[in-house]
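> Pulled from TrEMBL, these are the listed features:
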- 189-211: transmembrane segment (TRANSMEM)
- 255-280: transmembrane segment (TRANSMEM)
- 292-314: transmembrane segment (TRANSMEM)
- 326-350: transmembrane segment (TRANSMEM)
- 356-378: transmembrane segment (TRANSMEM)
- 413-435: transmembrane segment (TRANSMEM)
- 447-473: transmembrane segment (TRANSMEM)
- 485-504: transmembrane segment (TRANSMEM)
- 516-533: transmembrane segment (TRANSMEM)
Amino acid sequence: YQDKEEVVLWMNTVGPYHNRQETYKYFSLPFCVGSKKSISHYHETLGEALQGVELEFSGLDIKFKDDVMQTTYCEIDLDKGRRDAFVYAIKNHYWYQMYIDDLPIWGIVGEADENGEDYYLWTYKKLEIGYNGNRIVDVNLTSEGKVKLVPNTKIQMSYSVKWKKSDVKFEDRFDKYLDPSFFQHRIHWFSIFNSFMMVIFLVGLVSMILMRTLRKDYARYSKEEEMDDMDRDLGDEYGWKQVHGDVFRPSSHPLIFSSLIGSGCQIFAVSLIVIVVAMIEDLYTERGSMLSTAIFVYAATSPVNGYFGGSLYARQGGRRWIKQMFIGAFLIPAMVCGTAFFINFIAIYYHASRAIPFGTMVAVCCICFFVILPLNLVGTILGRNLSGQPNFPCRVNAVPRPIPEKKWFMEPAVIVCLGGILPFGSIFIEMYFIFTSFWAYKIYYVYGFMMLVLVILCIVTVCVTIVCTYFLLNAEDYRWQWTSFLSAASTAIYVYMYSFYYYFFKTKMYGLFQTSFYFGYMAVFSTALGIMCG
(Lines of atoms letter the chains of each structure in order from A and count residues from 1; the text may use other names and numbers.)
(Lines give C-alpha, C1' and ligand atoms only; values in the text may rest on other atoms or scores of the structure.)
Protein backbone atom coordinates (compact mmCIF):
# COMPACT_ATOMS: atom_id res chain seq x y z
CA TYR A 1 0.00 0.00 0.00
CA GLN A 2 0.99 3.61 -0.54
CA ASP A 3 0.27 6.07 2.28
CA LYS A 4 -3.36 7.27 2.27
CA GLU A 5 -4.31 4.48 -0.17
CA GLU A 6 -7.76 2.97 0.27
CA VAL A 7 -7.92 -0.13 2.50
CA VAL A 8 -11.09 -2.16 2.06
CA LEU A 9 -12.97 -3.68 4.98
CA TRP A 10 -14.95 -6.58 3.49
CA MET A 11 -17.95 -7.98 5.36
CA ASN A 12 -18.09 -11.75 4.86
CA THR A 13 -20.73 -13.70 6.76
CA VAL A 14 -22.67 -13.88 10.00
CA GLY A 15 -23.99 -17.01 11.71
CA PRO A 16 -24.43 -19.00 14.94
CA TYR A 17 -21.16 -19.71 16.75
CA HIS A 18 -21.85 -23.41 17.28
CA ASN A 19 -22.74 -24.12 13.65
CA ARG A 20 -19.65 -23.24 11.68
CA GLN A 21 -21.12 -24.06 8.28
CA GLU A 22 -24.42 -22.25 8.77
CA THR A 23 -23.53 -18.75 7.55
CA TYR A 24 -25.58 -15.92 6.08
CA LYS A 25 -24.66 -12.73 4.30
CA TYR A 26 -23.56 -10.07 6.77
CA PHE A 27 -26.25 -7.65 5.58
CA SER A 28 -29.01 -10.26 5.93
CA LEU A 29 -29.17 -8.85 9.47
CA PRO A 30 -30.48 -5.26 9.38
CA PHE A 31 -27.03 -3.69 9.77
CA CYS A 32 -26.51 -0.41 7.94
CA VAL A 33 -23.88 0.32 5.30
CA GLY A 34 -21.32 3.10 5.51
CA SER A 35 -21.49 6.14 3.28
CA LYS A 36 -18.61 5.33 0.93
CA LYS A 37 -19.97 3.70 -2.24
CA SER A 38 -17.31 3.43 -4.94
CA ILE A 39 -15.01 0.43 -4.70
CA SER A 40 -12.56 -1.54 -6.82
CA HIS A 41 -14.16 -4.87 -7.81
CA TYR A 42 -13.60 -8.16 -6.00
CA HIS A 43 -13.16 -11.47 -7.89
CA GLU A 44 -13.88 -14.76 -6.15
CA THR A 45 -12.26 -18.11 -6.88
CA LEU A 46 -13.98 -21.47 -7.43
CA GLY A 47 -13.00 -22.70 -3.96
CA GLU A 48 -14.48 -19.59 -2.32
CA ALA A 49 -17.75 -19.91 -4.23
CA LEU A 50 -18.10 -23.53 -3.10
CA GLN A 51 -17.30 -22.64 0.51
CA GLY A 52 -19.86 -19.85 0.66
CA VAL A 53 -17.57 -16.83 0.95
CA GLU A 54 -19.68 -13.77 0.10
CA LEU A 55 -17.63 -10.61 0.48
CA GLU A 56 -19.56 -7.34 0.54
CA PHE A 57 -18.16 -3.84 0.98
CA SER A 58 -18.76 -2.38 4.43
CA GLY A 59 -18.77 1.24 3.24
CA LEU A 60 -16.22 2.26 5.90
CA ASP A 61 -13.63 4.75 4.70
CA ILE A 62 -10.20 3.51 5.81
CA LYS A 63 -6.93 4.82 4.40
CA PHE A 64 -3.46 3.36 4.93
CA LYS A 65 -1.69 4.85 8.00
CA ASP A 66 -4.52 7.36 8.42
CA ASP A 67 -5.98 7.30 11.96
CA VAL A 68 -9.73 7.81 12.32
CA MET A 69 -11.20 9.02 15.61
CA GLN A 70 -14.55 7.57 16.68
CA THR A 71 -16.86 8.42 13.76
CA THR A 72 -20.54 7.59 13.26
CA TYR A 73 -20.91 5.98 9.85
CA CYS A 74 -24.66 5.29 9.77
CA GLU A 75 -27.69 4.75 11.95
CA ILE A 76 -30.18 1.90 12.23
CA ASP A 77 -33.88 2.72 12.44
CA LEU A 78 -34.99 0.08 14.90
CA ASP A 79 -38.58 -0.91 14.14
CA LYS A 80 -40.16 -4.08 15.55
CA GLY A 81 -39.06 -6.41 12.71
CA ARG A 82 -35.45 -5.27 12.89
CA ARG A 83 -35.36 -5.57 16.66
CA ASP A 84 -36.71 -9.15 16.43
CA ALA A 85 -34.00 -10.02 13.91
CA PHE A 86 -31.27 -8.74 16.22
CA VAL A 87 -32.77 -10.43 19.29
CA TYR A 88 -32.89 -13.77 17.43
CA ALA A 89 -29.25 -13.33 16.36
CA ILE A 90 -28.10 -12.49 19.89
CA LYS A 91 -30.03 -15.42 21.39
CA ASN A 92 -28.26 -17.81 19.00
CA HIS A 93 -24.79 -16.34 19.66
CA TYR A 94 -24.39 -14.96 16.16
CA TRP A 95 -21.02 -13.59 15.25
CA TYR A 96 -19.67 -12.14 12.06
CA GLN A 97 -16.47 -12.34 10.04
CA MET A 98 -14.73 -9.54 8.16
CA TYR A 99 -11.57 -9.31 6.10
CA ILE A 100 -8.97 -6.56 5.84
CA ASP A 101 -6.28 -7.35 3.26
CA ASP A 102 -7.20 -11.09 3.45
CA LEU A 103 -6.75 -11.19 7.24
CA PRO A 104 -9.88 -12.51 8.97
CA ILE A 105 -11.40 -10.63 11.93
CA TRP A 106 -14.26 -11.93 14.03
CA GLY A 107 -16.71 -9.97 16.13
CA ILE A 108 -19.81 -10.79 18.14
CA VAL A 109 -23.17 -9.23 17.24
CA GLY A 110 -24.39 -8.52 20.77
CA GLU A 111 -25.11 -10.02 24.15
CA ALA A 112 -28.00 -10.63 26.52
CA ASP A 113 -27.98 -9.85 30.21
CA GLU A 114 -28.05 -12.64 32.82
CA ASN A 115 -31.80 -13.12 33.08
CA GLY A 116 -32.24 -12.98 29.29
CA GLU A 117 -34.78 -10.14 29.17
CA ASP A 118 -32.74 -7.23 27.84
CA TYR A 119 -30.62 -7.52 24.71
CA TYR A 120 -27.69 -5.30 23.84
CA LEU A 121 -26.04 -4.58 20.49
CA TRP A 122 -22.37 -3.70 20.14
CA THR A 123 -22.31 -0.51 18.08
CA TYR A 124 -18.68 0.65 18.11
CA LYS A 125 -16.04 -1.21 16.04
CA LYS A 126 -12.60 -0.25 17.30
CA LEU A 127 -9.98 -1.38 14.76
CA GLU A 128 -6.28 -1.55 15.53
CA ILE A 129 -4.19 -2.25 12.44
CA GLY A 130 -0.50 -3.11 12.61
CA TYR A 131 1.71 -2.29 9.63
CA ASN A 132 5.26 -3.29 8.80
CA GLY A 133 6.71 -1.07 6.06
CA ASN A 134 3.99 -0.83 3.43
CA ARG A 135 2.19 -4.09 4.32
CA ILE A 136 -0.64 -4.79 6.76
CA VAL A 137 0.47 -7.54 9.14
CA ASP A 138 -1.97 -7.53 12.03
CA VAL A 139 -5.60 -6.57 12.67
CA ASN A 140 -7.49 -6.50 15.96
CA LEU A 141 -11.13 -5.64 16.56
CA THR A 142 -12.58 -4.54 19.88
CA SER A 143 -16.37 -4.29 20.12
CA GLU A 144 -17.57 -1.52 22.41
CA GLY A 145 -20.59 0.75 22.82
CA LYS A 146 -23.24 -1.54 24.29
CA VAL A 147 -26.69 -0.19 23.38
CA LYS A 148 -29.94 -1.68 24.65
CA LEU A 149 -32.38 -2.74 21.92
CA VAL A 150 -35.54 -0.68 22.41
CA PRO A 151 -38.16 -0.65 19.60
CA ASN A 152 -38.64 2.55 17.57
CA THR A 153 -35.34 4.17 18.45
CA LYS A 154 -32.36 5.06 16.30
CA ILE A 155 -29.04 3.32 16.94
CA GLN A 156 -25.85 4.98 15.75
CA MET A 157 -23.09 2.70 14.48
CA SER A 158 -19.52 4.04 14.77
CA TYR A 159 -15.96 2.98 14.09
CA SER A 160 -12.42 4.13 14.73
CA VAL A 161 -9.09 3.11 13.21
CA LYS A 162 -5.70 3.25 14.91
CA TRP A 163 -2.52 2.41 12.97
CA LYS A 164 0.56 1.19 14.79
CA LYS A 165 3.97 -0.07 13.72
CA SER A 166 4.47 -3.79 14.16
CA ASP A 167 7.53 -6.08 14.00
CA VAL A 168 5.62 -9.04 12.54
CA LYS A 169 7.01 -10.15 9.18
CA PHE A 170 4.51 -10.25 6.30
CA GLU A 171 5.15 -14.01 5.80
CA ASP A 172 4.40 -14.76 9.46
CA ARG A 173 1.24 -12.70 9.79
CA PHE A 174 -0.98 -15.81 9.89
CA ASP A 175 0.88 -17.41 12.79
CA LYS A 176 -1.33 -15.76 15.38
CA TYR A 177 -4.34 -17.67 13.99
CA LEU A 178 -2.66 -21.05 14.45
CA ASP A 179 -3.06 -23.01 17.66
CA PRO A 180 0.17 -24.93 18.39
CA SER A 181 -0.93 -25.87 21.91
CA PHE A 182 -3.85 -27.75 20.36
CA PHE A 183 -2.22 -29.35 17.31
CA GLN A 184 1.27 -30.02 18.69
CA HIS A 185 -0.04 -31.35 21.97
CA ARG A 186 1.80 -34.26 23.61
CA ILE A 187 -1.22 -36.46 22.85
CA HIS A 188 -0.75 -35.81 19.13
CA TRP A 189 2.92 -36.86 19.17
CA PHE A 190 2.07 -39.79 21.40
CA SER A 191 -0.66 -41.04 19.08
CA ILE A 192 1.69 -40.95 16.10
CA PHE A 193 4.31 -42.85 18.09
CA ASN A 194 1.63 -45.33 19.18
CA SER A 195 0.48 -45.95 15.61
CA PHE A 196 4.09 -46.30 14.54
CA MET A 197 4.68 -49.05 17.12
CA MET A 198 1.55 -50.79 15.88
CA VAL A 199 2.92 -50.67 12.33
CA ILE A 200 6.24 -52.24 13.33
CA PHE A 201 4.38 -54.92 15.30
CA LEU A 202 2.01 -55.66 12.39
CA VAL A 203 4.74 -55.80 9.75
CA GLY A 204 6.71 -58.18 11.97
CA LEU A 205 3.63 -60.33 12.58
CA VAL A 206 2.67 -60.52 8.92
CA SER A 207 6.17 -61.31 7.69
CA MET A 208 6.57 -63.96 10.40
CA ILE A 209 3.22 -65.58 9.69
CA LEU A 210 3.82 -65.61 5.96
CA MET A 211 7.45 -66.79 6.17
CA ARG A 212 6.80 -69.58 8.67
CA THR A 213 3.40 -70.69 7.49
CA LEU A 214 4.22 -70.56 3.80
CA ARG A 215 7.50 -72.45 4.40
CA LYS A 216 5.50 -75.15 6.24
CA ASP A 217 2.91 -75.24 3.46
CA TYR A 218 5.60 -75.54 0.80
CA ALA A 219 7.31 -78.34 2.73
CA ARG A 220 4.00 -80.18 3.02
CA TYR A 221 3.12 -79.77 -0.64
CA SER A 222 6.58 -80.85 -1.85
CA LYS A 223 6.42 -83.95 0.36
CA GLU A 224 3.16 -84.84 -1.31
CA GLU A 225 4.83 -84.47 -4.71
CA GLU A 226 7.21 -87.32 -3.77
CA MET A 227 4.48 -89.78 -2.77
CA ASP A 228 3.26 -92.25 -5.32
CA ASP A 229 -0.18 -91.86 -6.78
CA MET A 230 -1.79 -94.42 -4.47
CA ASP A 231 -0.80 -92.56 -1.26
CA ARG A 232 -1.76 -89.22 -2.75
CA ASP A 233 -5.33 -90.32 -3.42
CA LEU A 234 -5.69 -91.49 0.16
CA GLY A 235 -3.91 -88.46 1.66
CA ASP A 236 -6.06 -85.54 2.75
CA GLU A 237 -4.93 -82.51 0.80
CA TYR A 238 -6.11 -79.18 2.15
CA GLY A 239 -5.14 -75.52 2.11
CA TRP A 240 -4.56 -72.88 -0.50
CA LYS A 241 -3.00 -75.12 -3.12
CA GLN A 242 -6.43 -76.63 -3.74
CA VAL A 243 -7.81 -73.43 -5.24
CA HIS A 244 -4.96 -72.79 -7.71
CA GLY A 245 -7.31 -73.47 -10.63
CA ASP A 246 -9.92 -70.95 -9.42
CA VAL A 247 -8.00 -68.16 -7.74
CA PHE A 248 -7.58 -66.17 -10.99
CA ARG A 249 -11.26 -66.43 -11.90
CA PRO A 250 -12.62 -62.89 -12.54
CA SER A 251 -14.41 -61.33 -9.57
CA SER A 252 -18.17 -61.07 -9.54
CA HIS A 253 -19.39 -57.73 -11.00
CA PRO A 254 -16.00 -56.89 -12.56
CA LEU A 255 -17.30 -53.59 -13.97
CA ILE A 256 -18.11 -52.02 -10.60
CA PHE A 257 -15.08 -53.65 -9.01
CA SER A 258 -12.54 -52.21 -11.44
CA SER A 259 -14.22 -48.78 -11.32
CA LEU A 260 -13.88 -48.75 -7.53
CA ILE A 261 -10.21 -49.80 -7.71
CA GLY A 262 -9.46 -47.07 -10.28
CA SER A 263 -11.21 -44.41 -8.17
CA GLY A 264 -9.35 -45.58 -5.07
CA CYS A 265 -5.97 -45.21 -6.79
CA GLN A 266 -6.98 -41.71 -7.89
CA ILE A 267 -8.11 -40.65 -4.39
CA PHE A 268 -4.82 -41.91 -3.00
CA ALA A 269 -2.84 -39.95 -5.59
CA VAL A 270 -4.87 -36.80 -4.85
CA SER A 271 -4.38 -37.13 -1.07
CA LEU A 272 -0.66 -37.61 -1.49
CA ILE A 273 -0.18 -34.67 -3.86
CA VAL A 274 -2.41 -32.25 -1.92
CA ILE A 275 -0.69 -33.06 1.38
CA VAL A 276 2.75 -32.55 -0.19
CA VAL A 277 1.64 -29.23 -1.72
CA ALA A 278 0.16 -28.15 1.61
CA MET A 279 3.42 -29.01 3.37
CA ILE A 280 5.42 -26.85 0.95
CA GLU A 281 2.97 -23.97 0.44
CA ASP A 282 0.93 -22.60 3.33
CA LEU A 283 -2.47 -23.20 1.73
CA TYR A 284 -4.33 -22.10 4.85
CA THR A 285 -3.46 -18.43 4.31
CA GLU A 286 -5.83 -17.94 1.37
CA ARG A 287 -9.57 -18.40 1.42
CA GLY A 288 -10.70 -21.48 -0.49
CA SER A 289 -7.23 -22.30 -1.83
CA MET A 290 -7.23 -25.79 -0.28
CA LEU A 291 -10.46 -26.72 -2.06
CA SER A 292 -9.38 -25.17 -5.37
CA THR A 293 -6.09 -27.11 -5.20
CA ALA A 294 -7.90 -30.38 -4.45
CA ILE A 295 -10.32 -29.92 -7.38
CA PHE A 296 -7.47 -29.09 -9.75
CA VAL A 297 -5.34 -32.05 -8.62
CA TYR A 298 -8.35 -34.40 -8.82
CA ALA A 299 -9.01 -33.39 -12.42
CA ALA A 300 -5.32 -33.69 -13.33
CA THR A 301 -4.90 -37.19 -11.85
CA SER A 302 -7.82 -38.66 -13.83
CA PRO A 303 -5.48 -40.75 -16.06
CA VAL A 304 -4.47 -42.69 -12.92
CA ASN A 305 -8.10 -43.73 -12.47
CA GLY A 306 -8.46 -44.75 -16.12
CA TYR A 307 -5.16 -46.65 -16.16
CA PHE A 308 -5.72 -48.83 -13.09
CA GLY A 309 -9.47 -49.31 -13.61
CA GLY A 310 -9.21 -50.00 -17.35
CA SER A 311 -6.27 -52.40 -17.13
CA LEU A 312 -7.89 -54.39 -14.31
CA TYR A 313 -11.16 -54.61 -16.24
CA ALA A 314 -9.30 -55.82 -19.35
CA ARG A 315 -7.39 -58.44 -17.32
CA GLN A 316 -10.68 -59.72 -15.92
CA GLY A 317 -11.88 -60.23 -19.47
CA GLY A 318 -14.40 -57.37 -19.46
CA ARG A 319 -15.95 -56.44 -22.81
CA ARG A 320 -17.85 -53.20 -22.11
CA TRP A 321 -14.81 -51.02 -21.49
CA ILE A 322 -16.47 -47.72 -22.48
CA LYS A 323 -19.17 -48.23 -19.88
CA GLN A 324 -16.48 -49.04 -17.30
CA MET A 325 -14.64 -45.84 -18.20
CA PHE A 326 -17.76 -43.70 -17.70
CA ILE A 327 -18.61 -45.32 -14.37
CA GLY A 328 -15.00 -45.00 -13.20
CA ALA A 329 -14.80 -41.35 -14.20
CA PHE A 330 -18.09 -40.26 -12.63
CA LEU A 331 -18.24 -42.45 -9.50
CA ILE A 332 -16.64 -39.96 -7.08
CA PRO A 333 -17.85 -36.71 -8.75
CA ALA A 334 -21.42 -38.06 -8.81
CA MET A 335 -21.23 -38.97 -5.14
CA VAL A 336 -19.84 -35.57 -4.10
CA CYS A 337 -22.11 -33.54 -6.40
CA GLY A 338 -25.18 -35.56 -5.42
CA THR A 339 -24.61 -34.83 -1.74
CA ALA A 340 -23.80 -31.18 -2.44
CA PHE A 341 -26.97 -30.85 -4.54
CA PHE A 342 -29.14 -32.27 -1.77
CA ILE A 343 -27.58 -29.99 0.87
CA ASN A 344 -27.84 -27.07 -1.53
CA PHE A 345 -31.65 -27.33 -1.47
CA ILE A 346 -31.62 -26.91 2.31
CA ALA A 347 -29.15 -24.02 2.02
CA ILE A 348 -31.38 -22.24 -0.49
CA TYR A 349 -34.38 -22.79 1.77
CA TYR A 350 -32.41 -21.24 4.65
CA HIS A 351 -31.08 -18.38 2.41
CA ALA A 352 -27.62 -19.38 3.64
CA SER A 353 -24.47 -18.11 1.96
CA ARG A 354 -23.43 -21.79 1.59
CA ALA A 355 -25.92 -22.12 -1.29
CA ILE A 356 -23.75 -22.84 -4.31
CA PRO A 357 -24.40 -20.36 -7.16
CA PHE A 358 -25.67 -21.80 -10.44
CA GLY A 359 -22.60 -20.60 -12.35
CA THR A 360 -20.30 -22.51 -10.00
CA MET A 361 -22.33 -25.69 -10.52
CA VAL A 362 -21.97 -25.28 -14.29
CA ALA A 363 -18.21 -24.76 -13.87
CA VAL A 364 -17.87 -27.98 -11.85
CA CYS A 365 -19.93 -29.94 -14.42
CA CYS A 366 -17.71 -28.56 -17.21
CA ILE A 367 -14.61 -29.73 -15.33
CA CYS A 368 -16.18 -33.21 -15.11
CA PHE A 369 -17.09 -33.47 -18.81
CA PHE A 370 -14.26 -31.58 -20.51
CA VAL A 371 -11.28 -32.35 -18.25
CA ILE A 372 -11.89 -35.47 -16.16
CA LEU A 373 -13.56 -37.55 -18.88
CA PRO A 374 -11.00 -37.04 -21.70
CA LEU A 375 -8.08 -37.61 -19.32
CA ASN A 376 -9.80 -40.74 -18.05
CA LEU A 377 -10.16 -41.96 -21.64
CA VAL A 378 -6.42 -41.46 -22.19
CA GLY A 379 -5.65 -43.41 -19.02
CA THR A 380 -8.04 -46.24 -19.94
CA ILE A 381 -6.56 -46.67 -23.42
CA LEU A 382 -3.02 -46.69 -21.99
CA GLY A 383 -4.01 -49.18 -19.29
CA ARG A 384 -5.74 -51.56 -21.72
CA ASN A 385 -2.80 -51.54 -24.12
CA LEU A 386 0.11 -51.59 -21.65
CA SER A 387 -1.12 -53.95 -18.94
CA GLY A 388 -4.47 -55.26 -20.12
CA GLN A 389 -3.29 -58.81 -21.00
CA PRO A 390 -3.91 -61.44 -18.32
CA ASN A 391 -0.57 -63.02 -17.33
CA PHE A 392 -1.66 -65.59 -14.76
CA PRO A 393 0.85 -68.28 -13.67
CA CYS A 394 -1.75 -71.07 -13.81
CA ARG A 395 -4.81 -71.86 -15.91
CA VAL A 396 -8.34 -71.20 -14.67
CA ASN A 397 -10.40 -74.39 -14.42
CA ALA A 398 -13.44 -74.62 -16.66
CA VAL A 399 -15.73 -75.65 -13.80
CA PRO A 400 -15.60 -73.68 -10.50
CA ARG A 401 -14.84 -75.98 -7.57
CA PRO A 402 -17.39 -76.12 -4.74
CA ILE A 403 -16.45 -74.05 -1.67
CA PRO A 404 -16.27 -76.32 1.41
CA GLU A 405 -18.02 -75.58 4.70
CA LYS A 406 -15.89 -73.45 7.00
CA LYS A 407 -16.01 -72.09 10.55
CA TRP A 408 -18.12 -68.96 11.10
CA PHE A 409 -15.12 -66.68 11.65
CA MET A 410 -13.71 -67.61 8.24
CA GLU A 411 -16.82 -66.34 6.44
CA PRO A 412 -16.06 -63.35 4.16
CA ALA A 413 -18.61 -61.15 5.99
CA VAL A 414 -16.86 -61.64 9.35
CA ILE A 415 -13.39 -61.11 7.84
CA VAL A 416 -14.65 -57.87 6.25
CA CYS A 417 -16.03 -56.54 9.54
CA LEU A 418 -12.87 -57.33 11.49
CA GLY A 419 -10.54 -56.02 8.80
CA GLY A 420 -11.42 -52.35 9.31
CA ILE A 421 -10.69 -52.17 13.03
CA LEU A 422 -6.88 -51.93 12.88
CA PRO A 423 -6.65 -49.30 10.11
CA PHE A 424 -9.26 -47.23 11.95
CA GLY A 425 -7.30 -47.60 15.19
CA SER A 426 -4.20 -46.21 13.52
CA ILE A 427 -5.90 -43.04 12.26
CA PHE A 428 -8.63 -42.17 14.70
CA ILE A 429 -6.66 -39.66 16.82
CA GLU A 430 -5.73 -37.79 13.64
CA MET A 431 -9.42 -37.92 12.68
CA TYR A 432 -10.19 -35.93 15.82
CA PHE A 433 -7.78 -33.15 14.80
CA ILE A 434 -9.03 -33.08 11.20
CA PHE A 435 -12.68 -33.02 12.28
CA THR A 436 -12.00 -30.25 14.79
CA SER A 437 -10.31 -28.07 12.21
CA PHE A 438 -13.17 -28.62 9.77
CA TRP A 439 -16.18 -28.34 12.06
CA ALA A 440 -14.78 -25.92 14.67
CA TYR A 441 -12.72 -22.77 14.36
CA LYS A 442 -9.19 -24.17 14.16
CA ILE A 443 -6.88 -23.81 11.16
CA TYR A 444 -5.29 -27.19 10.35
CA TYR A 445 -1.66 -26.68 9.49
CA VAL A 446 0.29 -29.76 10.65
CA TYR A 447 0.33 -31.54 7.29
CA GLY A 448 3.51 -33.41 8.23
CA PHE A 449 1.45 -35.32 10.80
CA MET A 450 -1.18 -36.01 8.16
CA MET A 451 1.47 -37.38 5.79
CA LEU A 452 2.82 -39.73 8.47
CA VAL A 453 -0.69 -40.92 9.29
CA LEU A 454 -1.39 -41.57 5.59
CA VAL A 455 1.79 -43.68 5.31
CA ILE A 456 0.92 -45.57 8.52
CA LEU A 457 -2.62 -46.15 7.26
CA CYS A 458 -1.24 -47.62 4.00
CA ILE A 459 1.11 -50.04 5.74
CA VAL A 460 -1.51 -51.18 8.27
CA THR A 461 -4.12 -51.69 5.52
CA VAL A 462 -1.67 -53.69 3.39
CA CYS A 463 -0.74 -55.97 6.32
CA VAL A 464 -4.32 -56.53 7.43
CA THR A 465 -5.58 -57.41 3.96
CA ILE A 466 -2.67 -59.80 3.31
CA VAL A 467 -3.58 -61.72 6.47
CA CYS A 468 -7.31 -61.66 5.63
CA THR A 469 -6.67 -62.98 2.11
CA TYR A 470 -4.37 -65.72 3.41
CA PHE A 471 -7.01 -66.94 5.86
CA LEU A 472 -9.66 -66.92 3.16
CA LEU A 473 -7.58 -68.86 0.64
CA ASN A 474 -6.51 -71.33 3.32
CA ALA A 475 -10.17 -72.06 3.93
CA GLU A 476 -10.30 -72.99 0.21
CA ASP A 477 -12.51 -70.03 -0.66
CA TYR A 478 -11.28 -68.45 -3.90
CA ARG A 479 -13.59 -65.37 -3.85
CA TRP A 480 -10.77 -63.20 -2.56
CA GLN A 481 -11.04 -60.02 -4.68
CA TRP A 482 -14.09 -58.44 -3.06
CA THR A 483 -13.11 -59.70 0.39
CA SER A 484 -9.68 -58.10 0.17
CA PHE A 485 -11.20 -54.83 -1.11
CA LEU A 486 -13.96 -54.70 1.50
CA SER A 487 -11.89 -55.80 4.50
CA ALA A 488 -9.91 -52.56 4.07
CA ALA A 489 -12.89 -50.46 2.94
CA SER A 490 -14.81 -51.34 6.11
CA THR A 491 -12.61 -48.71 7.81
CA ALA A 492 -15.17 -46.27 6.37
CA ILE A 493 -17.96 -47.74 8.51
CA TYR A 494 -15.92 -47.25 11.67
CA VAL A 495 -15.01 -43.68 10.71
CA TYR A 496 -18.68 -42.87 10.08
CA MET A 497 -19.62 -44.40 13.44
CA TYR A 498 -16.93 -42.24 15.06
CA SER A 499 -18.40 -39.16 13.37
CA PHE A 500 -21.70 -39.85 15.19
CA TYR A 501 -19.82 -39.96 18.50
CA TYR A 502 -18.03 -36.72 17.57
CA TYR A 503 -21.29 -34.95 16.67
CA PHE A 504 -23.07 -35.77 19.91
CA PHE A 505 -20.19 -35.45 22.39
CA LYS A 506 -17.69 -32.99 20.93
CA THR A 507 -19.83 -30.34 19.19
CA LYS A 508 -22.85 -28.24 20.06
CA MET A 509 -24.37 -28.18 16.57
CA TYR A 510 -28.12 -27.85 16.16
CA GLY A 511 -30.67 -27.23 13.42
CA LEU A 512 -31.58 -29.08 10.23
CA PHE A 513 -29.09 -27.27 7.99
CA GLN A 514 -25.95 -27.88 10.05
CA THR A 515 -26.93 -31.47 10.90
CA SER A 516 -27.61 -32.49 7.30
CA PHE A 517 -24.43 -30.69 6.21
CA TYR A 518 -22.43 -32.58 8.83
CA PHE A 519 -23.77 -36.07 8.18
CA GLY A 520 -23.93 -35.59 4.40
CA TYR A 521 -20.31 -34.54 4.01
CA MET A 522 -19.10 -37.01 6.65
CA ALA A 523 -20.69 -39.77 4.57
CA VAL A 524 -18.82 -38.52 1.48
CA PHE A 525 -15.55 -38.30 3.42
CA SER A 526 -15.95 -41.79 4.92
CA THR A 527 -16.86 -43.38 1.58
CA ALA A 528 -13.91 -41.77 -0.20
CA LEU A 529 -11.59 -42.91 2.60
CA GLY A 530 -13.02 -46.44 2.36
CA ILE A 531 -12.55 -46.61 -1.42
CA MET A 532 -8.98 -45.34 -1.01
CA CYS A 533 -8.16 -47.96 1.63
CA GLY A 534 -9.76 -50.72 -0.45
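Note that Cβ sites are derived from N, Cα and C of the backbone, with glycine treated the same way.
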> Taking 255-280, 413-435, 447-473, 516-533 as candidates, which has the most Cβ pairs under 8 Å with the transmembrane segment (485-504)?
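So the stretch in question is 413-435.
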> Under 8 Å, at least 3 Cβ pairs, sequence separation 6 or more: does that hold for the transmembrane segment (447-473) versus the transmembrane segment (326-350)?
no
> Near the transmembrane segment (189-211), which same-chain residues lie under 8 Å Cβ to Cβ, leaving out any that are not at least 6 residues past its ends?
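That would be 422, 425-427, 429-430, 449, 452-453, 456, 459-460, 463-464, 466-467, 470.
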> What else in the chain is close to the transmembrane segment (326-350), if you only count residues 6 or more beyond its ends and a Cβ gap under 8 Å?
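Beyond its ends, the transmembrane segment (326-350) has Cβ neighbours at 22, 24, 52, 255-256, 258-260, 262-263, 266-267, 298, 302, 305-306, 309-310, 356, 364-365, 368, 372-373, 376, 380, 512-513, 516-517, 520-521, 523-524, 527-528, 531.
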> At a C-beta cut-off of under 8 Å, are there same-chain residues at least 6 beyond the transmembrane segment (255-280) that contact it? List them, or none.
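Long-range Cβ neighbours of the transmembrane segment (255-280): 290, 293-294, 297-298, 301-302, 304-310, 312-313, 316, 318, 320, 323-324, 327-328, 331-332, 447-448, 450-451, 454, 481-482, 485, 528, 531-534.
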